[in-house]
Amino acid sequence: MLHLSRLTKITFALAMPTSIMLFYWLYKRRYSDEESYEEKKIVTSRTVVIDVSVPPKAVGAIIGRQGATIKQIQKETGARLHFKEKSQNGDNSSNNLSPRTLSIQGSPECAQQAELMVYQIITSIPEVLTEQIQVPSYSIGAIIGKGGTSIREISHISGAKVFIERIEDTKTTSNLRAVELTGSRQQIDKALEIIEEKLNVLEEKRSKDRNSKNHVSHHHLKSVQVSSDDTLWDKPQESFPQDLDQTGLVNIYVSAVEHPGHFWVQVVGFKALQLEQIHRDITDFVTTDEAKLNYCVTQIIPGDLVAAQFEDDDLTYYRAKVLGETADGQVDLYFIDFGDNTYAFKENIFKLRSDFIQFPAQAIECKLATVQPVGGQWSEEAITCFENLTHCAQWKVLSAEMVKYDVDSKGRQRPLIKLIDKSQGHDVDIANELIRLGFAVRELNSINTSTSESKLIDEQGIVTEMKPHDSKVLAVSTTEQSS
């Protein structure tokens, strides 16, 4: 039998309670740490929602082409991002200049990381400036170019938006015309450089033609800060044809484009063939002695119809409406059968015979239905894409469907039409293509639910098929791109 000394017994008696208390304390501490860890997990895994007010100019940059940027932010942070509809913001207006609300949802850490990335994109966008320059009136034709090719080239290379002052029935005697440039400082400077080059080339040509010693200098480009106002060029308007086929469509050509919200079409048919013959007859007529003696233009009267060439190397004469006269004697002309504009000296234009005037103007001024531009203005890339999709000035047939008439700021009616390209073996809706490519968004109350299936396009550009009896509510696409 084990015999313990008295001292050992005392030591053992004192150590036992202490050991038990130490073990109990260690156990409680471990349990408390585990409980605290679980609480931390619950706190850090909760979902928060952060709303960010995004200026219109940054919406497209945050979304990116076909939603690429917003998808990348979601992938990197684990948060979910989507733009709220204006109705959710309590804003039912169609004003594209008001801020948009971006909702960020996720854990606090993920949401804050996504918020930081969004603000980095917003702050990286350069300040948008608007400047106005004054150029010689005779240079406007060279700056615009045939069908607007030159002005679009300026915008494409510089990145700046270029708007030309157009004044119908002008009575001004100024020999300068305003050109408005919108963009960053660098973009505007580049546009000024390109315009300066075009003015120099034009002035050299004029110098040779007129044996003049005048040259374009920097005093032509007098810049002043102005407020931005995207007004459309003032043009006459024709009625959309009512003699549609059984499908409600009419075949057309797109003859000229300013942007998808302002373009011109010609109706394919017998009248188009008649117009070609009229152009040949006018061209033959202006070479006759009768025209040179009795049909020369001696007085410029806005509203008169005349025969004019669009460019010096184009020998054909077309019907044009006189918009006004510049101080150096050039005439501002609008080609009523195409929608194009140019300038010409009055000695190079002729009055039209009455039989040439009686034929109705063939250019119909239109607007693409159901869509509006990303960020409130059509980007240069969007305009180029629209030109390519519609085969502008290439005389390829598209089908057009009349939707309704729109009334512009001057009270004029303009047809809103759908454009469909049937040349690829299947129907290509031009408006849907602009949305798919990230250049446009669907207008409110414009979604057509009459077809057997509809498409729902979410904020990230993801398309899902929906049946008419689906209980979901069709949403308006917010797929946007930087302009």
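Glycine too: its Cβ is placed from the backbone N, Cα and C atoms.
Residues or ranges marked as domain 'K Homology' by TrEMBL: 46-123, 127-200. The region 'Disordered' annotation in TrEMBL covers 83-104. The compositional bias 'Polar residues' annotation in TrEMBL covers 89-104. According to TrEMBL, the feature coiled coil maps to 185-212. Look at TrEMBL and you will find 298-357 tagged as domain 'Tudor'.
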Secondary structure content, the domain 'K Homology' (46-123) (per DSSP, counts of residues): 41 helix, 18 strand, 19 coil
Tally of DSSP helical, extended and coil residues in the domain 'Tudor' (298-357): 7 helix, 25 strand, 28 coil
Counts of helix, strand and coil residues, the domain 'K Homology' (127-200), according to DSSP: 37 helix, 20 strand, 17 coil
